[in-house]
């Protein structure tokens, strides 16, 4: 049991770090300049705002569950409590049940977030191109400055006038700085990091469930290796 306890303590520490990482990533995603800017601009009919807020609240709940599982399993290891071990196992299982749908959604709806973000840019860009609204022009300029890009390849005619008014002076002369491509590349890097974090978290939650269940049975059947056994004097 001593080996199991050491492994569970190390796993609990890693899970706590994962929980803090998930909380940090969720906060960065929710309050980061790139994501917040597009979320504030998007219309109610666009699904990006819903995805943006849902991802934040789901990430915070998941991080709290992981941290709670780490704390309970650590306390259960030190105190050798069946109740705390069972609660730790339950939190690991709850986190696992949240991680699996999140990973599945990541791969089955990978283009939905990308399309919704690019739709926001398309909407603002085309409105500026059609009527040169000062309000929309300010939003488009903010997007160009945030993503360090300049305009897009439009099939509806010359866009040089729009780009001259909304692109930073350092970006106007650059070639190939298509904003749709820049948004796609930015989101791909972010989602790759999310996928890596989800994969690591799933592995540790499964390992945590195995260790906590083994510890529970060890405590239940009193197979504590720290004890030398019972002695009967005759």
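Any Cβ shown, glycine's included, is placed from N, Cα and C.
Nobody curates TrEMBL annotations by hand; they come from automatic prediction.
Feature annotation (TrEMBL): of 4-26, 27-49, 50-72, the stretch labelled transmembrane segment is 50-72. Within 10 Å of the Cβ of residue 167 (disulfide bond) there are 21 other Cβ atoms, across all protein chains. Between the CA atoms of residue 150 (disulfide bond) and residue 179 (disulfide bond) there is a gap of 6 Å, rounded to the nearest whole number. Within the same chain, residues 1, 4-5, 7-8, 11-12, 14-15, 18, 21-22, 25, 66, 69, 73, 76-77, 82, 85-86, 88-89, 92-93, 95-96, 99-100, 102-103, 106 sit at least 6 positions outside the transmembrane segment (193-217) and bring their C-beta atoms closer than 8 Å to a C-beta of that stretch.
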